[in-house]
Structure formats: C-alpha cells, structure tokens
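Copied over from TrEMBL:
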| type | residues | note |
| --- | --- | --- |
| DOMAIN | 1-166 | domain 'Glutamine amidotransferase type-2' |
| BINDING | 79 | L-glutamine binding site |
| BINDING | 212, 248, 322, 323 | ATP binding site |
| SITE | 324 | site 'Important for beta-aspartyl-AMP intermediate formation' |
C-alpha cells in the first residue's frame, strides 16, 4: 500500500486544542464542549487505542448505539466516541447508523489507513486537499488548507472518503435524491410528530442553550416545540426550565416585533439585540473571513447572525437551536409561487436541499462557531427530511384560491385549535428571508456602501478580473474583492456556487417567470407581485453614517492575517 501522510487541521478558536501523531499522520482538534465537557476531549479511541477519531458534530442516537455494543468499553460520555467502536464492529459501512450531524476523520493504526465522512446534507463544514508531496489534508475550514495544498475542494455531503480506494463513496442515498416524484398522501399529524421528534433529539446537551427566534414560522415552531418538551430534559434539570430566546435586527425591524410577540406568547426569557447598518458594514470583512464565501445572499444573512452570536456566547450560552432548512424542504421561498407544476416544484426542492451546504448550512455553522457557539437545525434531521420529502408535492404547491400560502403543509400540521402552538397570524406570517427580516434598510445600506467602493469602470472589467463567477452587481464585486484578498487560490473561488438567482432561486427556476431575468436579486422582495413589500431595485443614497473610506479595509485585513494561527478544524 502506498503510504498516506494525513494531516487533520483544526478550525477557528474554541476551547480545547489537542494534537495526536501516529507516524506521518497528525490529528488536531479544537473543541467546543457540549456533551460530556469533563471527559470528552478528543481525539477519541477504542479500547486499545488502535482506532483514533476526531469529530465535529453531535450523534443524537449515541446512547441507543452504545446499547448495541455490549462488548465494548467506553472511556468517556462523549456522544462521538461511539464512532470508533462502530468502525471496529462494522468497518466502513457503519456511517448510515449515525443519527446526527458530523464531520469526522478516523485513523486505523492497524493498517495505517483512514476514512473521512460528512453528514447527510452537510450541516457541518468539511474540505479536503492534496499536497504536492502526496499528503492528504482534511479540515473544517478552507483556511486550514489554502497555504499547504496544491488543490482543495469541498468534501461532498453524505459521502465517505477511504484512503484504501483514494475515492469518495456516497453513503446517504434517500429516495428524494434521484428527484423522482413522491406520492405519499399528506398527513399533518405524521409531519408534526416527525418534527417534534427532531427537535427533542436536539435538546441533548450538558451546557446552557437557547433558541434563535426571528418571529417567522420556522424559528417560532422550533421555539414552540422546544418549550413544550424542555421540562423533561436533562438540560432543564441542570440549568432550569426557562427557555432563552434570541433575536437580532435593526431598530424597528419586522423580525424584532414578531419575535417579541412570539416570546411573550411562549413565555421565553427573550433577548433582543440591535445593530446598525454601520455595525454590519464594519463586520463584513470578518464575516467573509470566517464564512469563507463571496455569495451575496450568505453574506447578507451571515452578518447579523455573526453579530448576534458574539452577544449570545457572552451570556454563557454555548448552543442554540435554529430553523434553517424548512424553506428548501417545503418550497418556502416566495419564488415558489411561480412553480409551473408539482414535478418542477419537487425537483427544485431537491436541488435546494443538495445545495444547502454551500448556503444556509455554511452560514448557520460558521457565523456561530466563529464565536464558539453551536447551531442545531432540526428541520435538517435525516428522518424528518425523509418524511417531508415523501409527501406528494401537490400538497406543497402554493394555491391562493384554496388559501394555501408557502409552506402550507407545515403550517397546517401545527394549526391546533385545542392546544395552539402559535398565534394564528404568526403561524401564517408571510415568508421573510433572514437578511430582509432584520430590516429592509440593511440590504439597501449594503448596496449603497458597495456603490461607493466599486466604480462603474471597475464593473466594466469585471469579466477580465473575475472570469469565474463574474460578479454582476457592485455589491457582489465588493465581496469578491475582500474574499480574494483572504483566499487568492484558484481552488478557493471554485468552492463558491454561482449563476443567476432571484429571491434565492436556483438558476433553473429563473425559467419560471420571464420578467425575473431583469430583476436578478436574491432578496425576497425581488419576487415581484408576491412579497408584500416588493423590492425597489434602485438603491438609496448612501446614509451619512456609512463609512466611505477605502483605507480601513486594507488595515483590517492586515490585522486579521497577523493574528490568525495556521489551520485549525474539526471542533465538536
């Protein structure tokens, strides 16, 4: 066997750093301790330490899996230790037994081989790279690879990489992946029970936690289900029965108002964080550095989340439950109003779920973990996705004449007259994309700021400067300039998706409406004739509070590079 040099590099700073060396293999791990903080430090091992694992993630069924391994002795209470023992028992075929989110690397010292795997839809980030010297590098962050690898790329979700074959194999093979049209009749109670089960799993924690609450349907349902089941959890016994909720927005934003109403209704301990357009603009470079993307939608939404995460962690909270994934599964984005038929509606949801790891999953993980905060996403539970994606898409279609707005099947599942989960007007609140809901002037302010920093002359040369994923707006050009200062390698720019989009659609869905081609903006307000506050494509004049200087960007970048330590990843 040709020997591999394996180096696992660990990501942005959390709490505990460990390094393990075996021959020319190095495993490094920086931990965010959520389960078993006292003894669950990594790497993790089997009984004789011949199997070594570093993991970023949570295995929600670890107690059930332990019971199926009666002949194995566990060293810690960590949920992730079960991976080492499952491999010893089943070999590479064990990954589908895991119920949770994870990116892991496992080294088998008996034959000097390794495997790496990523969860079903890519909730946790992972990259893989190759060095000129024949080394293989695996990291939770791109910045751990960009200086050492001749080529690196996204580690595909739902896949396993084996050093024995030097190839990827897809372990996650659900029926929806083929995009065939399902026919299971819609059953609201089945859907409700599946989601409640997904939320309850994610209440597994040994540290203080809360919920992100924007006041929209998805986060409100997460909070409503959480508060119904909190009292019976270990966390409630340890930290108290009160649920903490968190919201961020510009003063007077739609989300702040709706979130406060939901918090009052549910009785949560609510924390409302405000930011200004200037605060957001000042954080843009840090956001791009940590999220490792130049995608416009992701940066718009990541910035408020990044600012909020810092304040949440300062309160001593280390884990939050969030509502990402619902819009992809149920066709919740407003452009789905124009889906021509149920077949195309379903295929678009499949396309959106497959791309989540480059958009919402990336945002939810990296904008929070930058401050040592973990986000859990019950809508992306593997079992729940199976249930939701098996529903006949005719039931998911938006039919105004029948009173069915976007995500009607989800709203109906929780429309309980006898024991209501939410007030009716919240349950049926129109979809707001996060970057819109924090305040409409946020996006307008970003566009105005970019207008100052990117000239018309620069845009004329955009195709020459950035031939791949050429930015078509000044805002996109501005983000691209910052991104390429941090990540100049060709491999880095190839990890970011591109193509035209309106209101978060895929490029394929642009074909649904001819007029969209003239209004290609990812804001939800770009779905003209659908959103109550349709977007004005003409940017406002730059507010007086927004900095227009060019010097600060360069000095800030230099500061970040000076304090950044070489590669770090795979935090748990």
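Keep in mind that glycine also has a Cβ here, set from the backbone N, Cα and C atoms.
Over all protein chains present, the Cβ of residue 79 (L-glutamine binding site) has 26 other Cβ atoms lying within 10 Å. Counted within 10 Å of its Cβ, the other Cβ atoms near residue 323 (ATP binding site) come to 24, all protein chains included.
Geometry remark: residue 212 (ATP binding site) versus residue 324 (site 'Important for beta-aspartyl-AMP intermediate formation'), CA distance 10 Å. Across the structure, residue 322 (ATP binding site) and the residue listed as 'L-glutamine binding site' place their CA atoms 21 angstrom apart. Cα-Cα distances to residue 79 (L-glutamine binding site) place none of the recorded positions 248, 323, 324 within 10 Å.
Within the model, the domain 'Glutamine amidotransferase type-2' (1-166) carries an average pLDDT of 85.
Recorded residues residue 248 (ATP binding site) and residue 324 (site 'Important for beta-aspartyl-AMP intermediate formation') have their alpha carbons 16 Å apart, per Cα-Cα distance. The Cβ of residue 324 (site 'Important for beta-aspartyl-AMP intermediate formation') lies under 8 Å from the Cβ of 218, 356, 360, 361, 363, 364, 375, 377, 379, 380, each on the same chain and at least six residues away in sequence. Around the Cβ of residue 212 (ATP binding site), the number of neighbouring Cβ atoms within 10 Å comes to 26.
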